[in-house]
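What TrEMBL annotates here:
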type	residues	note
DOMAIN	4-103	domain 'Mur ligase N-terminal catalytic'
DOMAIN	109-287	domain 'Mur ligase central'
BINDING	G111, T112, H113, G114, K115, T116, T117	ATP binding site
DOMAIN	310-443	domain 'Mur ligase C-terminal'
Amino acid sequence: MSETIHFVGVGGVGMSGLARIVAAQGGAVTGSDARDSETLEALRKEHGIRAVAGHHADNVNGATLVVVSAAVKKDNPEVVAARAQGIPVISRAQMLGRLMDNYKRSIAVTGTHGKTTTTGMIAMVLEQAGLDPTVLIGGDLPAYGGNARLGKSDVFLTEACEAYDSFLELNPRYAVITNIEADHLDYYGDLANVLRSFRRFLTQVSEKAIVCGYDENVRTMLMDRTGLPETMNYGLYEHVNVRATEVTLDGLNPSYAVTYKGERLGVITLSVPGIHNVANSLAAVSVGLELGIAFEDIAVGLANFTGTGRRFERLGETPGGVLVIDDYAHHPTEIRATLAAARHGYPNRRLVAVFQPHLPSRTNDFKEQFAESFRDADHVFLTDIYLAREQPIEGVTGAALAALTADRRGASHVTYVADKAMIPARLGEYTHPGDVVIALGAGHDVRTVAEAFVAQGRESMAVAH
């Protein structure tokens with residue numbers, strides 16, 4: 001690879017993974033991000049990438065190609081400088097498409113929810129089968145110590161983001177669709193446009209689409225199969241190709257039997273909780289079967305999957321006996337699924353949710369659903385919205401969502417904390433030994449709060465001694 005590729009926004013999970021793969025392939029890689037981070041430090045130390053903090057025009061000097069993340073604005077000084085110098089500027093999705101085109105057996109995993117977990121599950125199945133895949137995933141996988149892996153085979157597995165039509169830059173051989181719901185409505189406007197985009201993506205799949213057969217919106221999309229690839233469906237009910245039966249959800253290790261084309265293949269036992277992960281794992285089972293992987297390898301691979309970063313991730317336990325979990329859930333459906341999994345996993349413990357809404361537009365679009373999504377939590381602490389790339393919307397605030405949630409859930413079950421830095425102290429006052437605290441949200445702030453709560457407990461214990 002003779003190009004020198006500069007990644008603008010290299011600290012993001014998707015961009016850092018791409019940079020890692022390109023560097024591992026022997027490419028010359030540089031990158032920049034708004035601020036320094038553990039991710040940038042890892043890119044420097046582990047991959048020899050010149051990853052710098054701050055965006056400056058001279059960062060693109062020497063680059064022959066510039067890749068930008070969706071979070072980077074058009075007036076970014078590096079983007080402006082690259083265009084002025086005639087250096088090609090492409091999106092992260094376009095770069096991912098270029099990489100994918102070099103592999104004969106490419107697999108793209110998309111859907112509104114469950115992409116990262118499903119991609120991780122498939123990765124572990126492929127590795128167990130000895131297929132040595134190249135993998136790009138939207139979260140850290142413990143087995144990789146990061147979010148990317150360079151393999152030596154013709155298999156390429158990636159998470160494919162549907163936001164802003166990013167996945168339309170990909171032309172995979174196989175695609176997985178975990179589910180479809182209204183989301184990213186700041187871009188799509190309504191569910192009909194979301195469905196049109198997913199359908200268009202499927203027309204770019206060359207061999208087979210593996211889809212959730214009981215998802216109503218997926219079924220709607222597939223009603224007109226003109227121009228679509230062959231499909232293989234999976235689910236928990238009859239009339240699917242790959243079905244889970246004898247499902248047991250007790251505790252943190254769901255199990256179920258797999259029936260394929262009417263034949264019972266055996267039992268899967270997972271190391272991650274929740275009925276939603278049964279569905280995610282069925283997608284991995286289906287991919288494995290499609291690729292001719294032995295059921296025994298599929299079962300072992302799934303048992304070996306212990307989760308990804310920020311997906312029901314255990315951060316630790318305070319000296320006072322409070323377990324702290326961090327989860328990326330930022331959509332009402334994801335919150336309900338995560339809390340339901342926690343309720344099954346810890347049936348006799350109080351569940352305390354800490355939620356930071358992500359994006360004013362999403363908070364406004366789904367405020368009613370958010371207010372109803374905390375039913376499995378004994379108490380919820382809400383703080384203000386993580387703005388990310390957006391500007392505030394008048395009347396759309398964390399306080400307003402907390403008030404609506406209190407109206408639905410009961411005021412005694414909801415606490416609004418305007419200053420995020422105060423949440424660890426408030427948790428310390430509220431929680432008791434045996435409680436489970438679950439931090440929810442796509443922004444970094446809520447994880448920082450959860451980590452601070454764990455650290456606060458340890459510091460208090462150290463002072464006491």
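Cβ coordinates are placed from backbone N, Cα and C, and glycine is handled just like the others.
Counting residues of the domain 'Mur ligase C-terminal' (310-443) by DSSP class, helix then strand then coil, yields 52 helix, 29 strand, 53 coil. Taking a C-beta cut-off of under 8 angstroms and a sequence separation of 6 or more, T112 (ATP binding site) has the following same-chain neighbours: E162, T178, N179, I180, E181, D183, H331, T333. The average pLDDT the prediction assigns to the domain 'Mur ligase N-terminal catalytic' (4-103) is 96. The candidate set comprises the binding-site residues T116, T117. Of these, T117 has the most other Cβ atoms within 10 Å. Within the set of binding-site residues (H113, K115), the lowest number of other Cβ atoms found within 10 Å of a Cβ is recorded at H113.
DSSP states for the domain 'Mur ligase N-terminal catalytic' (4-103), grouped as helix (H, G, I), strand (E, B) and coil, give 44 helix, 22 strand, 34 coil. Taking the centroid of the Cβ atoms of G111, T112, H113, G114, K115, T116, T117 as the ATP site, the other same-chain residues with Cβ within 8 Å of it are V109, T118, T178, N179, N280. Annotation for G114 (ATP binding site): same-chain Cβ neighbours under 8 Å, separated by at least 6 residues, are T178, N179, H276, A279, N280, A283.
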